[in-house]
Amino acid sequence: MTHQVSVLHQDKKFDIALRPKGLREFCGQAQLTERLELFLSAALQRGEVPGHCLFFGPPGLGKTSLAHIVARTVGKGLVVASGPQLVKPSDLLGLLTSLQEGDVFFIDEIHRMGKVAEEYLYSAMEDYKIDITIDSGPGARSISVDLAPFSLVGATTRSGMLSEPLRARFSFSGRVSYYSDEDLATILKRSSNLLGIDADAAALYEIARRSRGTPRLANNLLRWVRDFAQMREGNRINSDVAEKALSMLLIDDWGLNEIDIKLLTTIIDYYQGGPVGIKTLSVAVGEDIKTLEDVYEPFLILKGLLKKTSRGRMVTQLAYNHLKRCSDNLQILGEEK
């Protein structure tokens with residue numbers, strides 16, 4: 001038991017170590033990081049606190065890492081909160097008043113903030129002021145409290161759920177996109193060096209191309225391949241070993257996992273290729289709607305295997321080809337949702 005706790009603690013330390021320390025270490029997202037570096041440098045050169053930043057995109061692509069990089073670049077503290085925990089003004093009050101000048105206030109899943117808490121944040125973002133109600137009943141009064149200038153960094157997987165007033169208060173907004181296989185291989189090379197893993201370039205590329213364009217997943221798979229090689233291959237990691245290790249996880253050569261394939265084959269086998277509504281699909285696959293929409297669908301759509309129409313989800317001819325299925329019953333709908 002002590003050994004297991006030690007291993008978990010060690011892996012947690014590596015999780016932190018794998019996070020890039022600055023924009024120069026952040027591999028991929030070249031246009032985004034170039035704009036962000038210019039934005040931050042210009043503010044610092046003027047002696048100002050940088051404006052508020054919003055990062056949006058699928059999970060696991062580095063939005064949290066970018067928040068840490070912003071704080072490190074500014075050279076101040078980082079205060080972290082999660083949107084679902086911020087429901088009412090009192091949830092924000094202590095966090096906002098604790099901020100020092102130049103601190104970065106990071107809200108993950110900012111689209112899940114409560115509406116009342118979100119509106120309370122507006123004046124804090126725009127004027128660095130908040131109103132506090134003193135007492136209650138007929139004698140209640142409101143006083144305005146000045147806040148130290150700070151930079152808010154928001155991260156969301158669903159930018160469309162942000163209200164326009166909140167979105168408009170961000171000076172910088174950037175989409176974090178899926179990574180190329182080449183960028184992921186570079187990230188894995190850095191990670192393998194930090195973790196002390198001896199893997200050749202072909203093995204790292206094999207892991208990269210099955211990682212769904214997602215660094216977080218790539219690093220997790222790298223650890224799995226390490227464990228597999230340790231127990232089955234005498235710590236030797238080449239492309240063949242990587243392929244065997246990933247096949248054991250039921251990850252195919254396109255990066256599709258068991259749930260991806262179940263989703264596609266369910267539409268093919270039970271709904272003649274679609275269209276099928278997301279609620280029905282959620283029940284059939286056994287995954288909640290949010291997980292399907294945030295985790296699985298974006299990658300399948302990116303790979304051209306799935307499309308969304310006004311009538312529901314449909315598989316594409318490419319999906320039939322990849323799964324080696326007959327597409328005689330495939331319907332053709334051009335209307336996109």
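Here the Cβ of each residue, glycine as well, is placed from N, Cα and C on the backbone.
The following features are taken from Swiss-Prot:
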{"type": "REGION", "residues": "1-179", "note": "region 'Large ATPase domain (RuvB-L)'"}
{"type": "BINDING", "residues": "Leu18, Arg19, Gly60, Lys63, Thr64, Ser65, Glu126, Asp127, Tyr128, Arg169, Tyr179, Arg216", "note": "ATP binding site"}
{"type": "BINDING", "residues": "Thr64", "note": "Mg(2+) binding site"}
{"type": "REGION", "residues": "180-250", "note": "region 'Small ATPAse domain (RuvB-S)'"}
{"type": "REGION", "residues": "253-337", "note": "region 'Head domain (RuvB-H)'"}
{"type": "BINDING", "residues": "Lys308, Arg313", "note": "DNA binding site"}
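Here the features listed in Swiss-Prot are painted onto the structure.
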| residue | record | Cβ neighbours (10 Å) |
| --- | --- | --- |
| Leu18 | ATP binding site | 17 |
| Gly60 | ATP binding site | 22 |
| Thr64 | ATP binding site | 18 |
| Glu126 | ATP binding site | 12 |
| Tyr128 | ATP binding site | 17 |
| Tyr179 | ATP binding site | 24 |
| Lys308 | DNA binding site | 16 |
| Arg313 | DNA binding site | 26 |
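DSSP assigns Thr64 (ATP binding site) to a helix in the three-state reduction. In the predicted model, the region 'Head domain (RuvB-H)' (253-337) shows an average pLDDT of 90. Under DSSP, Leu18 (ATP binding site) is assigned to a helix (H, G or I) in the three-state scheme. Secondary structure at Glu126 (ATP binding site), taken from DSSP and collapsed to helix, strand or coil, is helix. When DSSP labels each residue, the region 'Head domain (RuvB-H)' (253-337) comes out as 43 helix, 10 strand, 32 coil, counted as helix, strand and coil in that order. Broken down with DSSP, the region 'Small ATPAse domain (RuvB-S)' (180-250) shows 52 helix, 2 strand, 17 coil. The two recorded residues, Arg313 (DNA binding site) and Tyr128 (ATP binding site), show a Cα separation of 45 Å.
Rounded to a whole number, the distance between the Cα atoms of Lys308 (DNA binding site) and Tyr179 (ATP binding site) is 23 Å.
The separation of Lys308 (DNA binding site) from Thr64 (ATP binding site), Cα to Cα, is 29 Å. Here the candidates are the binding-site residues Leu18, Gly60, Glu126, Tyr128, and by Cα distance the one nearest Lys308 (DNA binding site) turns out to be Gly60.
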